[in-house]
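Colleague: Dropping the structure in here first, questions after.
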Ligand code: HEM
């Protein structure tokens, strides 16, 4: 069967590989955000409960720890799938550049190790450790979660600004792994991602309690369950807008065609307006609102700043404009929406130490989590689609990285089915956890089964 | 030794840790599947859940550790294996999703139908995942994965006698290790009855796996002559050590020396992996993929080795604490 070993994948297989990567990554990134943000909120609640003796905090910590257990497990396995897919779908990328951007992944392996070990201890040892030691055992989880995000996103940033190697006669040599890891796009992209993780976690959890409060459950448990995550997210939001702005400015020099696609800018020039909304048809951005000179001002602080348009690169090297432009608009719109919501809360809190009275505040807060997740996904579309047609910016095309094996579309169908089932099951289990009475988070039915089987009676933990 | 050799040894130690620890977690799922109806099997399932609950995620990370070490330090080997064997690896990835998710979902469940549904998914995927990983090992060991992107046959590379042997051996050893480890856990929980159950199962698994190995010798001789020559040549002492440790384990199980048998059983399994490595060294992907030909640049290897050493300094004490914490009886309050 010589045709089995055709040198390159069909366009359909390439598309299948890209969709498979997008779906599994887009899925994982949501739970990964909770992996970064949730331990911090949970350990904080536990620590407050331990310090103040306030039972409401303790119950929140117990509840969140259970949710964290489920989310960490699905995060761990969906993340493993991604590391498989790097090789299964993009073997040429790994064969050529694996050694260049592998170091952050190796580091992330250790961060993930520490996270998994201490998650095991944190979730299962509530009654084996003193309260103080238990709170402390949660801290490595918090640190390792943020560190993982840092390492993984620095590898992604390398794909945007590849550094740390020389090309001699088409071969990669003189690899400098630290220079690759600390590439120019890394700092801002990493910060933007970590802040996004805290926004997603904070607004999502706050949203759950906002729904409860709208249904009339206004007790202290719900109030704290809303306040802790909401305040965390609200503090992060303004910073996120500033970082996002800096990131866009960085694109003007690092990846001008990406910025051009974000803005739907076809022609290079000065006095470039900022385009809000609109769609890209027949090579032009239509129906957009143009704010005169604004893009030039945002990038270079004066109207005469020249911004490169799509015309600076050959048509074959341009990213598709609509997905990039529209997803960027969505991310920014949601970012500003969440900023307004946070400001509303801050104002009410400053005036009366209480939530805004209007039911619209809770209604919007209930939706804020969905909004943050949408912004997260839109951000990834901006970054990833905006980098096309390259997988490694101006060095390797996505089409050249893909596995030439036949039948990748069959793999895609299977992956879609698996993730559909996983989504339904995860949502179902999380919803059950929401409605069940709170108990201490260590072993449950297993304890009873084992005790019944061995005839030992044991009192349950706190 | 060069940095590449050190990293290879560390990666192989990672594979060994994954087999001995992560493998036993899969084996727990195997016995969960055979534990019987919800009434009769509930104590066994409770014991299994207890044993693997706090540690399976940490044990699972060994796999990721090995993957990233290979793709950073031996990128072409990683890419060749992943591209040629993408079918069994995709199936193993699905198994990994199903096992981990179903296990966590079952822990969060209370009703019988949920426990059965998620428990079933957990048990089935605990058997299929090591099987597919074993076929991958068999494909590599029998030289069916040449160096290069998708150079091997995408079906025959993992549907062949050595791969099937590898798959069955993987299931057998995981079940065997789990049964052995669970005997001591059961005794610590004060249940002679459960300990006896897993002792019988451990003995059965030992016999079945032992027969598989003996039959496997004939399979390798016919299907993977190069590996066979290595195993009966340079690697013979390691293979003999595995056999000896296997026999001693059976004796110890019969004598109910549950803590000692953990060590010998682990040794028997580890020696199989190291026997394979010794037989094949310095070739990673037969015939031409040697260590020196496939290793990354020296700068990369040095950086990775340094970070790995620092990482292990953090990791090992944490792991020891994790296991020590859950291998002792809970303080009663
Ligand atoms: C409101 C102002 C915002 C601006 C100006 C902004 C700007 C940007 C830009 C320019 C990129 C592309 C980076 C690249 O390709 O190198 C990006 C990516 C991204 N954005 Fe935003 N963003 C904003 C808000 C948000 C919000 C609210 C979230 C989520 C809660 C978010 C999540 C992301 C993510 C996850 C990425 C991709 C990963 C990364 O670059 O870190 N952004 N953003």
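Quick reminder: no glycine exception, Cβ is built from N, Cα and C everywhere.
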Colleague: Of the ranges B:42-60, B:61-79, which one does TrEMBL flag as transmembrane segment?
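Modeller: The listed stretch tagged transmembrane segment in TrEMBL is B:61-79.
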Colleague: Of the ranges B:91-116, B:117-142, which one does TrEMBL flag as transmembrane segment?
Modeller: B:117-142
Colleague: Six or more residues out from either end of the transmembrane segment (B:61-79), which same-chain residues have a Cβ under 8 Å from its Cβ atoms?
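Modeller: 4, 7-8, 10-11, 14-15, 17-18, 21-22, 96, 147-149, 284-285, 289, 291, 294-296, 300-301, 304, 308.
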